[in-house]
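Step one of this worksheet: look at the structure below.
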Amino acid sequence: ILHNIPLLPGSPRRLSPRAVVRGGQDPNHGQQYLRVPGSQAPGQDSGLPSGGGSSCSGSVINNYLDASEPVSSEARLSRMHFHDNQRKVDYVLAYHYRKRGVHPGQGSPGHSLAIVSNGETGKEPRAGGHGDIELGPLDALEEERKEQREEFEHNLMEAGLELEKDLENKSQGSIFVRIHAPWQVLAREAEFLKIKVPTKKEMYEIKSEGSIAKKFNELLQKLSSPLKPRVPEHSSNKMKNLSYPFSREKMYLYNIQDKDTFFDNATRSRIVHEILKRTACSRANNTMGINSLIANNIYEAAYPLHDGEYDSPGDDMNDRKLLYQEWARYGVFYKFQPIDLIRKYFGEKIGLYFAWLGLYTSFLIPSSVIGVIVFLYGCATIEEDIPSKEMCDQQNAFTMCPLCDKSCDYWNLSSACGTAKASHLFDNPATVFFSIFMALWATMFLENWKRLQMRLGYFWDLTGIEEEEERAQEHSRPEYETKVREKMLKASGKSVVQKLGTNMTENEDEDDEDKLTWKDRFPGYLVNFASILFMIALTFSIVFGVIVYRITTAAALSLNKTTRSNVRVTVTATAVIINLVVILILDEIYGAVATWLTKIEVPKTEQTFEERLILKAFLLKFVNAYSPIFYVAFFKGRFVGRPGSYVYVFDGYRMEECAPGGCLMELCIQLSIIMLGKQLIQNNIFEIGVPKLKKLFRKLKDETEPRETDSAHSKHPEQWDLDYSLEPYTGLTPEYMEMIIQFGFVTLFVASFPLAPVFALLNNVIEVRLDAKKFVTELRRPDAVRTKDIGIWFDILSGIGKFSVISNAFVIAVTSDFIPRLVYQYAYSHNGTLHGFVNHTLSFFNVSQLKEGTQPENSQFDQEVQFKDYREPPWAPNPYEFSKQYWSILSARLAFVIIFQNLVMFLSVLVDWMIPDIPTDISDQIKKEKGLLVDFFLKEEHEKLKLSDEPGQRSLGGGRHSRSRAPSSAPSGRSQPGSIASSGSQHTNV
């Protein structure tokens, strides 16, 4: 039972003016302690932390520091500890407070607005005389939040945590509640969470079978040694600790040299976060957990501390500084990532993201090399391409139909020579091979990621964490709890507190009142469905708007002789830039809309919320990024009609058609500009510029706002102050999303742009260090989250990989000239070459059959001209109908799609089958580790039996020593007073 605990605010008695904090005017108010009893039960640990003793008789659990007697900053040994320099700060809660009578914007200095005992301020008397203080709406809200905070902090102390916070000695400001978890709490929670920790057994080597593979790996290790970061945690994947879930009854299994450092900082903060998530606050409508309190503005932030400053002078090294020097700088872009240290500092979830990003970037290297080879092959064979030669030969009099009505004249096909040669760079037989290669590349990447994921899961002891994921499902989101309370209040007519208080005694038949059913969520689902359809329709309408812009601009530029020659280049370039700007704007809008729509659904848990948000955001951003490219690839030039019967929009504008060399070149331009612009502007400039602008804005805001500052504190800010000024961590969804969209650019249309992997590789080399710098220097330290995989992102990657096979098959078959050339060479050519292919793709048209008013104004031409299509000539029985060549090429295209898709899918399944998901050495080692663990247990039990047999043969002093050791090692788990097991397994009785 706690002694000297004041009555909690919010008790039935009325709060008097004397109970109000007076800004530190009372000299006795500076130090208020909540202590555990000084006397301890036999064998029970004292409340003191293991790091050292305290000058007080009992351990101080809640320490309110008086600002009138500040602790010297120079006397502080570490800014990661309480002011006693002994207890480590494991977590920080921050909130903003405001004294009574101080309203936002007043910002009067210091104690001048502090309430004194007679109900007056320090400057002028208040109405109300000597009676109770009249509370305004803001004062009442602030008082209510204060009571809720004090109750929550009291509940944290009852859970065994130790708190320290500063005195509210100013008119308004930010207060930091520092939380320390003593050894008893860490041990209790580690056993409850089944955290695996290293045992006494030394690290053992994982042996790889096969001498050739072993020698090759050794050679590879020597060659890659300059690329390895100089960090102690970057060990080779051949050594591993023997780990076992922590148990207070088996303390003898673990090598506990120092209780303060046995659990690393990430594990300590994770344990505290678990306690914060399950601690309730009855004054806040029985709100469960710190997330709900933050959502209700009771606290402003909750975060673990960074391990010191990353740019501190001197040789003192911490994990954050080490990560910055060896990982988060652009100067070390050529080095491997210290994945083990990343996982140790940020947790498994972020560690898996950077491991995935590193593997994806490394896999882009071979695809980039092959893509460059394909491009160079196109450059080398450009002069040998027969169709390009025929188009560029001016002796071939291919007179073509006008490109527009009235103002455009007849033109010669040789004028499109440059377009034809440029198209050959990307439209050649090598692109078919590259498309097959990239489909297999995507499969191999996913299979290798599964293997790496299993390997990391084994080394990081992620096997068997399903129980942790189930526990995460038990914590409801604050919005879900609010909706449930509103439902219960509406259903019963009682107050929320009454309903929750009586709910414990009701029957289980009324469980539906404690959760949201599909009927409750149906309006949200309906709004989601309608909104997503509207957003997709909006994207399509914008694409159509850009099409109209291209048509009208081309018609307008064709009227002027000076701009007529560059119409196609001008229209294509400006339209692509418009598409890029629209995509960037809609991306930000769709991200916010997806978040809003997911909140309307009111998912119960954070994992469900994240998965639904990812699906919505990916769907909207996928449609937004790829719809202009899909239009150029599969729809442009398919609905233009023919001369004499063109398709018009808005009664006067002809539908746009592809360039004489085909639409593949324009598809390449569209894809390259959108991909490069999106990566350069959105992924890099936004990620670098926006955080700096936010930081500058906060700095200017802090400078302009009047505040009471402490000169000593401003010279030596604490670590929690420095971390509070950083941006809060909001999740990995934006980082994954930009890489997934890039993965789509690399795989979906790689047949039209073989250089896409090269630009993706160059971007990712910067992206890895950019993300690293953001996590190390610009964000608050995230909570360490354990997870065994990357979740729904793997399914999205797999879906994109399968869809890329279909899209590339149609790009080759429909957009490129690969199939028409193949059909002509083997079915219609007289000598088996491509000589005469250009003439084969053209059809004749009689200019006299042009519609009235569409003929060229300045040219009189009464012969047959040609246009690109497979149609019957005007003298045929069915003039201008599709010819036999058209139907044969169409059937060949469909046959190619079927054959290509099935062949690549078969090869992908074959690669999937040949590469096992679990590496052989890991699967063998998992079996061996069980045997090693059994041998280790037997060895420890044998040593205990020896110790238990010795008391009869040793002196009385030795007998006392063995009696204190043997029970602690007893397998039965019974704790004896004074034993090691007892001291490790005692709960903190507060």
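Going from the start of the chain as shown, residues are counted 1 onward.
Positions of Cβ are set from backbone N, Cα and C atoms, glycine also.
Note that this is a predicted model, so its numbers are computed, not measured.
Positions annotated as compositional bias 'Low complexity' by TrEMBL: 1-18 (among others).
Feature annotation from TrEMBL assigns region 'Disordered' to 1-55 (among others).
Marked as domain 'Anoctamin dimerisation' by TrEMBL: 82-339.
Residues or ranges marked as region 'Disordered' in TrEMBL: 101-133 (among others).
Here TrEMBL flags 121-133 as compositional bias 'Basic and acidic residues'.
The feature domain 'Anoctamin transmembrane' is assigned by TrEMBL to 342-929.
Only residues 6 or more beyond the boundaries of the transmembrane segment (353-377), in the same chain, are considered here, and those with a CB under 8 A from a CB of the stretch are 336-337, 339, 342, 425-426, 428, 430-431, 433-434, 437-438, 441, 444-445, 448-449, 452-453, 456, 732, 735-736, 739, 743, 746, 750, 754-758, 760-761, 764-765, 767-768, 771-772, 790. TrEMBL lists 353-377 (among others) with the feature transmembrane segment.
Same-chain residues lying 6+ beyond the ends of the transmembrane segment (525-549) with a Cβ under 8 Å from its Cβ atoms: 575, 578-579, 582, 586, 590, 593, 597, 600-601, 616, 619-620, 623-624, 627-628, 631, 649-650, 653, 656. Per TrEMBL, transmembrane segment is recorded for 525-549 (among others).
TrEMBL lists 569-593 (among others) with the feature transmembrane segment.
Residues or ranges marked as transmembrane segment in TrEMBL: 613-634 (among others).
What TrEMBL records for 739-762 (among others) is transmembrane segment. Within its own chain, the transmembrane segment (739-762) is flanked in space by residues 357, 360-361, 364-365, 367-368, 370-372, 374-375, 426, 430-432, 434-435, 438-439, 442, 618, 621-622, 625-626, 629, 633, 664, 667-668, 671-672, 674-676, 678-679, 793, 796-797, 800-801, 803-804, 807-808, 811-812, 815-816, which lie at least six positions past its ends and keep a Cβ under 8 Å from the stretch.
Taken from TrEMBL, the feature transmembrane segment applies to 894-915 (among others).
According to TrEMBL, the region 'Disordered' annotation covers 945-990 (among others).
The compositional bias 'Low complexity' annotation in TrEMBL covers 965-979 (among others).
The compositional bias 'Polar residues' annotation in TrEMBL covers 980-990.
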Spatial neighbours of the transmembrane segment (613-634) not adjacent in sequence (6+ beyond its ends, CB under 8 Å) are 528, 532, 535-536, 539-540, 543, 546-547, 579, 583, 586-587, 590-591, 593-595, 597-598, 663, 666-667, 670-671, 674, 678, 733, 736-737, 740-741, 744-745, 748-749, 752, 792-793, 796, 807, 810-811, 814-815
Model confidence over the domain 'Anoctamin dimerisation' (82-339), averaged pLDDT = 76
